[in-house]
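Visitor: Would you mind keeping the following structure in view while I ask a few things?
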């Protein structure tokens, strides 16, 4: 049902396979008058691109984005913005050992059952390269939000058993290590852990945490279109994500009301919450505090060790997956989490403009 | 943006406030020819209704559902099915102490900021009574699924610190205790915990686990409309939910690829997974294994202890919330989780019918 | 696919069959703070209800609307507004001669082919009574628009061969005759024509014209969500409509560019069009002139004369349709055209608020 | 609100401006397994491209389509199909006389009012070149339909005052003249009329008629998603269309029930209609007869004669539009009508697969 489409007002459609001609996205519904150039988008894509450290694949791709429409004289025109990244690494590969085999942890089997066949080159549509479209579109949504004072920052919270420590949290540090961990000591421990895993041809999972600041109270629609519900869908739509929690999340399930409730208070005349166990939403609507949520990523399914599986002919076989594979997805997924967050918040924010008659009347009296 | 609407093909719109005239839902897109009577829906509503134990509110409501349209001669006609539950407990209340005060942990503040004012009676639209519409519609979706051999079963997995034990798991037991815990020993421990909390005017959170059996491989759309992403949204849209995880969920983030990957094998000629760390989806598409996921519920925010807050006049005040409030939401939420799951799976299942040209050609050759 | 749902931001879902329990609608996405009472909606329903003249059916229904949710203290709350009209005329009827026969010009055959069976009582869901839901929702949309200075007025333009004359056009007159014709002379001629048709057990078609004043320039989205394209769908969705045209419509196809182009000029400093061949849209976006469009209604298909048809057993049979049937649908459809117009314009108007970054920035700087 | 998106299951998003980098479309939701190559799409684009006769613009563009994704080994994979046509005619132009002036009959003024500014090069997004995306996507939808035995054929019915004659109707003839008129005599008269108009720097409107054969009964959803209502929106979304009618259309408004009702009969055991005044729908659902509808196109607004208008500085000015402009849009719009019809019918056809429980059960029993 058109699964590659996202959003209601600020809507995107992504396309492209790992080893096809290219990857792209069309953004339909971006407001007119936003200053936008390819550099704005490229900066986001550069954060997700491979080959940045020994823990990310060596594939050296340019991943250069081109704006094909919707921008004139340096500003968005209100019409669809088409963005495209041509694949440059299209060497012919030998897929002999995987084209007919279902790789464990991958979508090979489910795509075959759903569609009858699949583009087996590099995972086709279910490859992580699919996220290029999301990130490119997310860069635009984030720019809309920034112009309204809303900022999104995600980072690596844990890799395998290694977590950042609240005491050592240093937002500048995340830009200094390639794991995007805002804690130098944790980053070193995580590097050691990953090296050990690579030595035994294994991979690790991890957790990304994301914080949104500056979001006004009132964003999100009651019942089914809650802000946190939409964020959950946005985040779970990222390939390897297996869990989402906002505020205290699963820990809240073990807590009590007297602890978990955030008391309201006044600060310089404005209502504020004294704590933020809720993670920034009440009843699914932003409450004026920072949004804080986490995404659990499973370990990279592509590992070099031998694995038991089945092929399309219905035979049990053993498979070894060769080639370039990150032992951890998380560092490159940080920007994807930010992109999906930007797309979700931007869409719901625009919708919230029509919540009240008095706002609408004021708007059209202009 | 029409936040009370859910689904694409099997679509619902819910309505109603806690202390208004009634609560209801319209189901638009239910296939024709499903045998359906009020008893089918009432059975689901009875599971969520209050007053069933000392841990659920004493409010004795009939919550009798009426089918107003879309059913003729005992079968659905393919046109919208309107379901309605009139509120019978509409005694005039004294809302003096809460109508102008923002209850901590509730949506009072955010509704005010979004809409400028709110129906303060019993929480209005943000009350748990809103779920009546979801459950009524979910009963229909579940009946569609059952006719295809797909069954949904949720239960209480934990209450505060008390979790069920895999060794003592007994599916029959959940029907014997009012906490819907499939483990008699855990249920007793949880009861003791809740009584202690009630004594000190506090409340507890908990976790609901849900299992879907019989779902064929191939349900869910790649990229943004993944089955698990849609489930995450569906579950997070339930009032007090703060987290969602599928399969190993957050534990997968601490695992390794060699452990977390589910090997494929053959069983009586059919492809199967040897384990189910994935929780039944690969690449967001059902993989033929059971769907298994969990929802984290925060503690009931309404507690009788004194809390610090603010009123609409911008004064800091202390509030005590009187009246009937469950010390735990989870047991009554079990059926709500099932309902949202049924609505989500049913919608994506119908969509999956048009995945392949050969299926479509075969269908229209009939 | 949920065919009874309409709108994106201001969204409605209608339900109900001719001879079922009732008819209703839920409006999801109405802004908060609109003053609304049952009388606002009843006034619209009264205009479509039967039994107003000898040309409309004698069925004396109350068609009393009840607001079940979404309004508190006389104002909309921003949450779904459920409206319901219980059917009072549910006498048991003898459908013996039509329950198995496909009435020519009706949807009996197509419903049977689509759904396998149908509610044959009074046309079921395909009855004109379905429009009660549209009209009730349209009354709310129209009230939103009126508060912004936008007014919608439809009227009967022709009945069979009898058309109103531009020279005799008198807006007050339409309220004086039961045919809603703003031309007393044409109304008399049309009455005579209808009496003649009734005498020979036949029926007439006609044309409704609609005018929207006060709509600002800029409403409607380019390409697929043009204002006129949405109006065309809205109007063609009304049961008996077979054609739609805006501005000069089909006459424009016979015209030339030099005649059909509307010159721009200035009036008191504001840009205006010197003529309005376009009917108020350019490129599918409102151009500041009045919207003017027409809907062609086919003759009432229920006629008392004998007709050739087929029954469900696959036999050719002759049918005579007894009972109360208007010889003309048009006068009662005038308010339905207004309702669909209000719903369409309101939805697109709210969407247009997010067209420009500067407007969005200004809004959130508030 | 994302106006460049169309469809629910078979969904498209188009992009591109007249003189930008290119024009394209992404098709999301096309079933897997359809044989598809660039030639399938190019054949459709060639029918709309300019420079085919003296009545179409001389601009010699290749308009070569490229498939960028969603096709593997010659078949669709079920994932998004990105199609792109790079603009080859991007010579720098002098827009001095139109960049600040509102051309009568064009969307210059409304785009400015909506977005604050616009891409004035060649009409930008409101140019007829926008239809390349629709036609490319429509070619795919048509191929899906053809594999089910459903064929779509549109043609020029009238140009200005010159109409085809039912007696001389010859389907082969439309391929022989460049006006796509299936009547050689009418084509000659229309050519003479157009030459006369060109001589006096004027332009003509016209009517396109479209016929869909082989569509089974049961396609279209009651109430708001009627097949004819969706066709009306699809057709009115084409730039210059001002009217839509199905079956007898506006003529039905002047007819009587005894004439306009189509009697049912039996033919070789199957139910059929003896006439087709309805144009193939009853109650908005396909009735098994051919779909027959018409679209009224206004005259090309770009004419070389002097016209009165206003510029962005608020001055009344006179404008003369130079350059290449067809004196008639209709012949090149024939394929656009077919494309929009294919997209609409395909989407509703896929939706109709889930109308009945028995069909769904049969499908999943496979």
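Placement of Cβ uses the backbone N, Cα and C atoms for every residue, glycine included.
Just so you know, TrEMBL annotations never went through curation; they're auto-generated.
Relevant sequence annotations retrieved from TrEMBL are reproduced here:
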- B:48, B:54: NADP(+) binding site (BINDING)
- B:125, B:126, B:127, B:283, B:298, B:299, B:300, B:301, B:302, B:324: FMN binding site (BINDING)
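What does the local environment look like for each feature on the list?
Guide: Around the Cβ of residue B:48 (NADP(+) binding site), the same chain contributes B:131, B:132, B:135, B:332, B:333, B:335, B:336, each under 8 angstroms and 6 or more positions distant in sequence.
According to DSSP, residue B:300 (FMN binding site) sits in a coil region rather than a helix or strand.
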Visitor: What binding-site residues from B:48, B:125, B:127, B:298, B:300, B:302 have a chain C Cβ less than 8 Å from their own Cβ?
Guide: B:125
Visitor: Counting every protein chain present, what is the number of Cβ atoms, excluding its own, within 10 Å of the Cβ of residue B:127 (FMN binding site)?
Guide: 21
Visitor: Do any residues at least six apart in sequence from residue B:125 (FMN binding site), in the same chain, have a Cβ closer than 8 Å to its Cβ, and if so which, in order?
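Guide: Set apart from residue B:125 (FMN binding site) by at least 6 residues yet with Cβ under 8 Å, we have B:16, B:17, B:18, B:111, B:119.
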Visitor: Name the binding-site residues, out of B:48, B:298, B:300, that lie close to chain A, meaning a Cβ-Cβ distance under 8 Å, keeping sequence order and answering 'none' if none do.
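Guide: Out of B:48, B:298, B:300, B:298, B:300 lie under 8 Å of chain A.
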Visitor: Taking DSSP as the reference, which of helix, strand or coil describes residue B:127 (FMN binding site)?
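Guide: In three-state terms, residue B:127 (FMN binding site) counts as coil.
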Visitor: Name, in the order they occur in the sequence, the residues of the same chain whose CB lies under 8 A from the CB of residue B:298 (FMN binding site) and which sit 6 or more residues away.
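Guide: Long-range Cβ contacts: B:105, B:205, B:240, B:241, B:242.
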Visitor: Within 10 Å of the Cβ of residue B:302 (FMN binding site), how many other Cβ atoms can you find? Include all protein chains, please.
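Guide: Result for residue B:302 (FMN binding site): 24 neighbouring Cβ atoms inside 10 Å.
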